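Taken straight from Swiss-Prot:
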BINDING   C58, N63, C68, H71  Zn(2+) 1 binding site
BINDING   C98, V145, C146  Zn(2+) 2 binding site
BINDING   D456, D458, D460  Mg(2+) binding site
BINDING   R573, C575, C580, H582  Zn(2+) 3 binding site
Amino acid sequence: MSEKNIKGIKFGILSPDEIRKMSVTAIITPDVYDEDGTPIEGSVMDPRLGVIEPGQKCPTCGNTLGNCPGHFGHIELVRPVIHVGLVKHIYEFLKATCRRCGRVKISEDEIEKYSRIYNAIKKRWPSAARRLTEYVKKTAMKAQVCPHCNEKQYKIKLEKPYNFYEERKEGVAKLTPSDIRERLEKIPDSDVEILGYDPTTSRPEWMILTVLPVPPITIRPSIMIESGIRAEDDLTHKLVDIVRINERLKESIDAGAPQLIIEDLWDLLQYHVATYFDNEIPGLPPSKHRSGRPLRTLAQRLKGKEGRFRGNLSGKRVDFSSRTVISPDPNISIDEVGVPEIIAKTLTVPERITPWNIEKLRQFVINGPDKWPGANYVIRPDGRRIDLRYVKDRKELASTLAPGYIIERHLIDGDIVLFNRQPSLHRISMMAHRVRVLKGLTFRLNLLVCPPYNADFDGDEMNLHVPQSEEAIAEAKEIMLVHKNIITPRYGGPIIGAAQDYISGAYLLTVKTTLLTKEEAQQILGVADVKIDLGEPAILAPREYYTGKQVISAFLPKDFNFHGQANVSSGPRLCKNEDCPHDSYVVIKNGILLEGVFDKKAIGNQQPESILHWLIKEYSDEYGKWLMDNLFRVFIRFVELQGFTMRLEDVSLGDDVKKEIYNEIDRAKVEVDNLIQKYKNGELEPIPGRTLEESLENYILDTLDKLRSTAGDIASKYLDPFNFAYVMARTGARGSVLNITQMAAMLGQQSVRGERIKRGYMTRTLPHFKPYDISPEARGFIYSSFRTGLKPTELFFHAAGGREGLVDTAVRTSQSGYMQRRLINALSDLRAEYDGTVRSLYGEVVQVAYGDDGVFPMYSAHGKTVDVNRIFERVVGWKA
């Protein structure tokens, strides 16, 4: 056979002659099997259509199951029927061409002119050619009289799904498929071309079916159910219906049955052919099984998430993969993934024997499939595969191994694997990790790596894939390893970084009140794989003490400079320069942390232009990995030794504080009552562009918002700055000051759709309030805190506000998912060329420079091509 390169694919419509030529037999009988259960010749299960039973030979090609591709048959339709998928095109042809002569309803000169332009541009600029044909169609459809034969044109009406009518003088007449086919046959090839179709592959009359292709048995095999009964495929059921109605129609015509009966059968044939193509046509009842289940016909096999394209071509099930629940493990590297031994023994990596690894691989073969690290298969140089489960003397087999053999060995520590969590919304939802085989049944993941996967440990499952070829392993190692993706391509900041305990530990270690003896410093540094000389202690008498800042400085590069506010720098502890008594402004000079604390702004994940960001960007991602594997463990060790716990007293306020909050509540109530009274008296000043009612709502909301923030300020003022709940909120480790306000002081206004809760009963939200009551408590304002507990009415309003959040989340997820799919489909053909432009498949320029600046965010300084301030700070030690 000669080899040829595929240059392109062209789609068209099968002509009746082509259908007959590719068919091996006509299908004429609706009966499928005889009394013995043998397929009948001439039925939809005719043996000539392909083999589905093992051991049988195909009568057509002589091949057995697996090698026989299957063969088409055909059904000669007694009367033509409309192809339901091409109704739109048929409608356009009927409207754009003359009912008498079949010409396009534009003048000969125009046809000649447009044909010339169309032929010149169709290959080079297909989108422009498409616009031209659309223009020709629209112009032709408007013509009332044919410019070629002067025939008056009647309006064509389509009644979906497939009924065409013509509005004549004498009334509305239905166009049968035969009438339509006659008209379409009259259209000359030159006119077909100018309407945007290729007459060699898509003649318009072929859209009206006279012959129906019957697909091979191989794509619609019958299956045996447990009871021994043979169950046919949905397509086979549909084809039997078509053959049965076709035969009945033929018999009725031959017997000279009344026209009404013939038309009914013709309509029924049209219905069965339409639902054979698509069983979800709007306005057409779906074809069903006896059980009431709709049949899955051709269109259903192709479209949708489970269809052929998305379900089997874009996305496939794969080998060498596993899935299980994930658990946290702060003791493994960010680059590692803990793999259960049972999975490591099931998934294999092919390793070729060389003189250097032969002894190691011999031992794996001796260990066999049940002992880790072992091997499952041996592949000989001749390609024969030996399954070690069935080898009795594995030692003997191991002794025969030689270079050239391939051993499919178990996963071992250090192997490269791909790790993924669905939904995979961006590139770093799939990254490469090194294997660390551990006891247990779950995958272990370092907590720092959760953000790119959007993973948590409340039952999430993740997928692990094992690359099989050296090329795939090398690619994963060089491009996909976790530490090479710490900086996200989304905004050029670190997506992997500290969260929760890490931030709390870093803050408690760096705060200026933390002093450590040499033993304590050694104990917390013991978890890091480093040799560090802390130098002279900061405090020499009465006892020698190191500060937490000294411990952290030991991990920083000696030429690193940084200035910036910490997360705790807000409210009464706000500092904007080095002269800060609150330790909330960070200063690092020549790698020494002189003042300030490490919190979310310094080392947190998803914090661009932070200390962590500049350390990774300026000193390599390898250094970033080392820092996270060592310094971050020190933070966790410190918080373990120090103790970090939250108790009820952390959100309990004293009586004097409560009294202060109650006074504010009384003041706000009076203010709201005054506003309501002013509204009733007509004295309220409306806000420009708002009605009086909307203005009142705005005034009330402003008053209540002020009340909640005042209550929060009062509570914060009296909370101990080392109260751990407050530490979490201020450092950015978890929660916010608002959460503490809600726990300690009050919940505040509950809203639905951005407004106070106003729906419920006819004139009030709940039966506990008077009709037309618009006071704060009657419209969802909660004066209680979580600490004191909610009243029954308050609990109801809180549930209403919470419900909206749940619904909103569910709706947003589906909408954003669909939007992303559409974006991916639209942008998938665009690429950045070597000249820096972004172009489509046809070479059309979409952007002159990628992103208008030609900068990839991952390698930018948080979006900026060059950050001059940072360069100054790095080199000189202060910002420009």
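Just so it is clear, glycine is given a Cβ too, placed from its N, Cα and C backbone atoms.
Structural mapping of features recorded in Swiss-Prot.
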residue : record                : Cβ neighbours (10 Å)
N63     : Zn(2+) 1 binding site : 13
H71     : Zn(2+) 1 binding site : 23
C98     : Zn(2+) 2 binding site : 23
C146    : Zn(2+) 2 binding site : 21
D456    : Mg(2+) binding site   : 11
D458    : Mg(2+) binding site   : 6
D460    : Mg(2+) binding site   : 17
R573    : Zn(2+) 3 binding site : 16
C575    : Zn(2+) 3 binding site : 20
C580    : Zn(2+) 3 binding site : 19
- Message: Give me the sequence-ordered set of same-chain residues, not including R573, C575, C580, H582, with a C-beta within 8 angstroms of the centroid of the Zn(2+) 3 site's C-beta atoms.
- Response: V568, S569, L574, P581, D583, S584, Y585
- Message: Tell me which of the binding-site residues V145, D458, D460, C580 ends up closest to C58 (Zn(2+) 1 binding site) in space, Cα to Cα.
- Response: D460
- Query: Where D458 (Mg(2+) binding site) and C68 (Zn(2+) 1 binding site) are concerned, what is their Cα separation in Å, rounded?
  - Reply: 50
- Zn(2+) 2 site shell beyond C98, V145, C146, criterion: Cβ within 8 Å of Cβ centroid: R99, R100, C101, R103, K105, A143, P147, H148, C149, N150, E151, K152, Q153
- Note on the structure: Using a 10 Å radius on the Cβ of C58 (Zn(2+) 1 binding site), the other Cβ atoms enclosed count 23
- Nearest-integer angstrom distance between the alpha carbons (Cα) of C68 (Zn(2+) 1 binding site) and C580 (Zn(2+) 3 binding site): 82
- Task: Among all chains shown, work out which of the binding-site residues C68, V145 has the most CB atoms within 10 A of its CB.
- Result: C68
- Cβ within 8 Å of the mean position of the Cβ atoms of C58, N63, C68, H71: remaining residues of the chain near Zn(2+) 1: G50, V51, T60, C61, G62, N67, P69, G70
- Note on the structure: Three-class DSSP assignment, R573 (Zn(2+) 3 binding site), comes back as helix
- In all the protein chains shown, the tally of other Cβ atoms within 10 Å of the Cβ of H582 (Zn(2+) 3 binding site) is 17
- Within 8 Å of the Cβ centroid of the Mg(2+) site residues D456, D458, D460, which other residues of the same chain have their Cβ? I326, A455, F457, G459
- Item | Where V145 (Zn(2+) 2 binding site) sits in the secondary structure, as DSSP reduces it to three classes | strand
